[in-house]
Amino acid sequence: MAAKRNAVTTEAPESSAPGEGTALALDSRLSKRVESVIPKKRHEALKWFGWGYNDSEFYGQDGIICFRGEKYPLGGCELPSFTKWVEHKFDLRVDTTKPFPQLPRSYPRPVENAPFLHELKGTTQVEYSLEGIDRLVRCHGQTLNDIYSLWHHKFRRIPDLVVWPRCHDEVVQLVRLAHKHNVMLVPFGGGTSVSGAITCPQNESRMICALDTSQMNRLLWLNRENLTVCFESGIVGQDLERVLRGEGLTVGHEPDSYEFSTLGGWVATRASGMKKNVYGNIEDLVVRVRMVTPSGTLERECSAPRVSCGPDFNHVIMGSEGTLGVITEVVLKVRPLPTVRRYGSLAFPNFEQGVLFMREVARRRCQPASVRLMDNEQFMFGQALKPEKSWWASVVDAMKQRYVTSWKGIDLNQICAATLLFEGDLKDVQRQEALLYEIAAKFQGFPAGGQNGERGYILTFVIAYIRDFGLHQGIVAESFETSVPWDRCSLLCRSVKQRVVSECSKRNINYYTISCRVTQTYDAGACIYFYFGFRSTDVTDPVELFEAIEHNARDEILSCGGSLSHHHGVGKIRSHWYRNAVTETGSSLYSAAKRHLDPKNIFALGNLLPLEEAHPQAEAPPPPPATSSTPPKAKL
């Protein structure tokens, strides 16, 4: 899954958290600048128009969907079953003649703030670029709207400048300059946001500076006695884990975007990972965090495991979504690498029985590192994604299917499955496996093999590529998530799917898919992921239609007792509901903190609350500038 191992250079740290320098177990010799899988010129490795690596994608060949890319298990595979699934579900044949989007010939003309640029060049060592492609790839995240707008050159406003600070102190310089000259800053990490959080505000009239944290990716120190580590915020998930694995350690935070998202982004959005049962969500992993604001650096002075010292300012930073400042350094808990990593899977006769199993596992607090339950629609989708097998393997599969249908009496139109991941020492893993399979049997579940569990877990990283292939073929699709109390879990799943079906019927959409999975469990409830897509070949504005249906689905989620978001965050696309979610008093408190920390609103992203509500004194901007036919020269 991960790219090849990259080089790591060692150097003395320029900064470290206060009070850590004298720790006996601290090894500052480990301070490392990481050669990341993502270069400074992002588009050299990653797609400018979609998700993932340039060399990894679904494509059509001779009417069959295939996948290329050596980083994933599906690399080099033909997928005839998936092809048939697409044809049946969307009444669509794979079109291999359609061209892929091309880079624009021109870019929106940059707004220049001469005094800011003069001081940037004269008083700092910060690297920067005015090049059009550098600006374009940092104007967006990964929402369906973002990608569709890129493909159709709809962005009227993109960052005017990209800067690459290398440490906390350079971020302090940049924020001071931006505040002094009233330049807007957009903190940019991995660019994986699916909430519109980093999408460039289209009506901003000031100079917009994308502050790319990718060059802030050092391990600053490691304390083996306390099992804590300090990283700069721009390090990418897979780079962070690769460095720690070399020390026999892990953070264990593994969101679906782990390959490309950054530590700072995890903190800014209150992220969750697939293995949170063992390692915790990001709020459980963070010990301390530093954030640079126009009013100064916000951080907690003490690194003790827990403090009772008024409101915890770590939690002001977590979930702030780039609206209050720039996260620069994060102290995290680490754990020794598990000695055993084992996959498993379970099959259940229907989704309701699977949910009851998940509830019982959570009640008994015996969750493995990951346990995820998919409904029948997702189960069949996953089966379709299997590569073509040999004759003998097909015979074996047929026998297995007969065992399930004839001997177990399970309807293939109802069956659902759970994927399992166990981590720990051998005895703990064996004990967990036995207990999980014992609980599953009480709800008519039975083991379905470790190979299926591993495949289901790793396919998570491939599924994101399908969205862009679908868009290319005339299918718009996206995911959305929530968390919900246990007593409303099954009801919410049914109600939201029924609402989507109803909305599609109203709009004469006949070819679509709507499915869900339970991905994380807690004492009091669970996280639910929905996947929705429809054929858009006859639709004038497919993204607008998709967003209208998703908006109604979100209303249904909230009416069923679900949350506004479990881990994607609010961003711009869910800001409509934020005030009600946190109450009038809560939104006023956030606005007050925003005005205090960012008095000129240089972090005017419009996340959480719309701009005029988050910062009422902000003036309405004039229209954005025109487009230039000749992109400006770059400076690096």
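In case you wondered, yes, glycine gets a Cβ from its N, Cα and C as well.
Computed from a predicted structure; not experimentally measured.
According to TrEMBL, the protein has these features:
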REGION    1-22  region 'Disordered'
DOMAIN    155-337  domain 'FAD-binding PCMH-type'
BINDING   187-193, 256-262, 269-272, 321-327  FAD binding site
SITE      Arg372  site 'Important for enzyme activity'
BINDING   Arg467  substrate binding site
ACT_SITE  Tyr529  active site, proton donor/acceptor
REGION    613-636  region 'Disordered'
COMPBIAS  627-636  compositional bias 'Low complexity'
Candidates Arg372, Arg467, Tyr529 (recorded positions) - the one closest to Gly191 (FAD binding site) by CA:
Arg467
Write down the Cα-Cα distance for Arg372 (site 'Important for enzyme activity') and Ile327 (FAD binding site), rounded and given in Å.
31
Minimal Cβ count within 10 Å, across the binding-site residues Ala271, Ile327, points to Ala271
How far is it from Tyr529 (active site, proton donor/acceptor) to Pro187 (FAD binding site), counting Cα to Cα, in Å?
27
Sorry to bug you, but what's the C-alpha spacing from Arg372 (site 'Important for enzyme activity') to Ser257 (FAD binding site), rounded to the closest Å?
17
Integer Å distance between the CA atoms belonging to Arg372 (site 'Important for enzyme activity') and Ser261 (FAD binding site)
21
